[in-house]
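Trainee: Sending over a structure as structure tokens; questions will come in a sec.
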């Protein structure tokens, strides 16, 4: 499926429906902030990335890696693609780019969302050939079982298959088991049944941090050959 046929893989800025220009202001700030930085890791995605920056676990685990956080609430894959094409990777040479986006691609099929994520990976590979890409799985959402959970799970299956064997991209299933045996999600983990609480972020961030350290060690010749996390 080409970018012209797939809206999820066509770079598109967010429409400023509220009229305050905040999205574009954040984008310009990210570009400006990156000019004097030498991050080992860059995070890019939606509110799940953005809100991570406000948690103590960010300072504990990711600040020591000189990580940059380019998360914007509400972004879909097409918006991240636009941001990456318009300067957010221009002034830096990270060792790893973490991508967490797709749950906001409303109106797009699982196949289209997968195409958008694959386009992001390809763009990072082209713009930052030295960097590895880590794609986080889309988490379940909603207190009770619902079609969006099923769609996100399908995206995860497709992305995992698409990245299998990719030499510079890795898929991380960071869901520690947010869905309970009765099919519900607790507000202790996701306070609004979408966004993570501090309690919810902890296992996700620790799993991600472990993978990042393994990747960084491997690239420095200090680690054993990396195996992607098991399903």
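Cβ atoms here come from the backbone N, Cα and C positions, even for glycine.
Among the features that Swiss-Prot reports, active site is placed at 47, 192, 195, with the record citing similarity to another entry. Residues or ranges marked as phosphoserine in Swiss-Prot: 2. Marked as N-acetylserine by Swiss-Prot on the basis of similarity to another entry: 2.
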Trainee: Give me the Cα-Cα distance between residue 47 (active site) and residue 195 (active site), rounded to a whole Å.
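Mentor: If we compare the Cα positions of residue 47 (active site) and residue 195 (active site), the gap is 8 Å.
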Trainee: Once the chains shown are all counted, how many other Cβ atoms turn up within 10 Å of the Cβ of residue 47 (active site)?
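Mentor: A 10 Å sphere around the Cβ of residue 47 (active site) contains 19 other Cβ atoms.
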Trainee: Within 10 Å of the Cβ of residue 192 (active site), how many other Cβ atoms can be counted across all chains shown?
Mentor: 10
Trainee: List the same-chain residues at least 6 positions away in sequence whose Cβ sits under 8 Å from the Cβ of residue 195 (active site), in sequence order, or say none.
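Mentor: Listed in sequence order, they are 47, 48, 51.
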